[in-house]
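The block underneath contains the structure these notes are about, expressed in C-alpha cells.
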There are 2 protein chains.
Amino acid sequence: MDEVIADFLVAQRDWYRKHHGYNWVDAELAGRQAEDLAERLHVEAMEAHLHEGAFFRDLPVMTGAQSAIRRLQDVFDVFIVTAAMEYPLCCEAKYLWLKDHFPFISPLNVVFCGDKGIVAADYLLDDNLRFLRAFRGTGVMFTAPHNLHADWTPRVSGWAEAEAFFHAKAGRSVG
Amino acid sequence: MDEVIADFLVAQRDWYRKHHGYNWVDAELAGRQAEDLAERLHVEAMEAHLHEGAFFRDLPVMTGAQSAIRRLQDVFDVFIVTAAMEYPLCCEAKYLWLKDHFPFISPLNVVFCGDKGIVAADYLLDDNLRFLRAFRGTGVMFTAPHNLHADWTPRVSGWAEAEAFFHAKAGRSVG
C-alpha cells in the first residue's frame, strides 16, 4: 500500500514539517528514509504516531493507481498485500481507506501480513527491497525516493509504467 | 484461528443459547453449522455481532494449542493465517487475542486474509474445506463438528494428533 497505492511519503514529510520544521528537498530524500534525516526523538514520535493507526486513514492516493488497477483487474487477479503487522493497530484504518479509495477490490483480496515471503502470487509490485527479496515470485520494484539507488530489476516508475509492464506480461497492449 | 486455535464454536453456542434459547446437543451439530440450525433472523443477529469484532476478543483457546505450537516452532516456521477479511473490523480484536494467548508468535508471522489460496506455505491446518481446497500446499483438516462428514485426507482431531502429524512430517517423534 504505502508508496505504491497510498502516498505515505507526502503525508510523512508534511507531518515532519508541521511538527518539527523539517523542509527536506527531494534530493535529500534520494536513497534515504525520513528516519535517516530526522533527529532520533522526532523519529520516535513519528513511530508512536504510526502505531496509533490513524495516520494511515487519510493518506492521499498515488496518482493513477485507481484507474490502472481497475484496468489490470480485467487481466489479473489483483490482491492488495500490505505489511500491516509492523503497525498492527493500523489494520482498521487501512481497511477503511481501501474501502473508500479502492471499493472495486474485494476485501477477500486484501492481505495484512508481516513477512511477504508468505504470499503465493506471480508478481509483487513493491517499493521495499526487503519485501521483494523475501517474495517467491517475480518482484517488481515500484520506484520511490528511498529506493532510487537500490539495485533491482525489473523496476517501474509510476502507474503508467507499472500498467504497461503488466499488460506486456499478459501479452496485451495498454488500451 | 477459529476452530483450530480459538474455540469459536463454544462461544457461538453460548451466544445462541443466551440470546435465543437454543440448546443444541453435539449430535445436532455434526456436519452442520449453527447457521443451519438457527432461525434466519437469529443468524443475521449473530452475523451483525461478528462484524462488530468484539466477539473474537474473548474466545477461549483450543485445548493444547499453545503448548503444541510452541513445540512445533522448534521445527517449523509457524504462521497464523486467518480469514479475517470476512469480518474486516475484527482484525484488531484478533490481533490483541493473539498477543494475549500466543505472545510467542511474532506479529510478522500473522496473516489476515480472505482467500487462503494466496498463502505460500508447505502445510495449512484448517477446519474449513473451502480453504483447504483453495490452498496450494498440503492441507490438513482439523476436525470440527461441522466438518465431520467432509471427505478430506489427511485429517487430525485435536492438538495431540496435529502435533504428532507434523512432528512425523519433520521426521521427529513427539518429545
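Glycine is no exception: its Cβ is also placed from the backbone N, Cα and C atoms.
Where the annotation comes from TrEMBL, it is an automatic prediction and has not been curated.
Its own atom aside, the Cβ of A:Asp2 (active site, proton donor) has 21 Cβ atoms within 10 angstroms in the protein chains shown. Taken residue by residue with DSSP, A:Asp2 (active site, proton donor) is part of a strand. TrEMBL lists A:Asp2 with the feature active site, proton donor.
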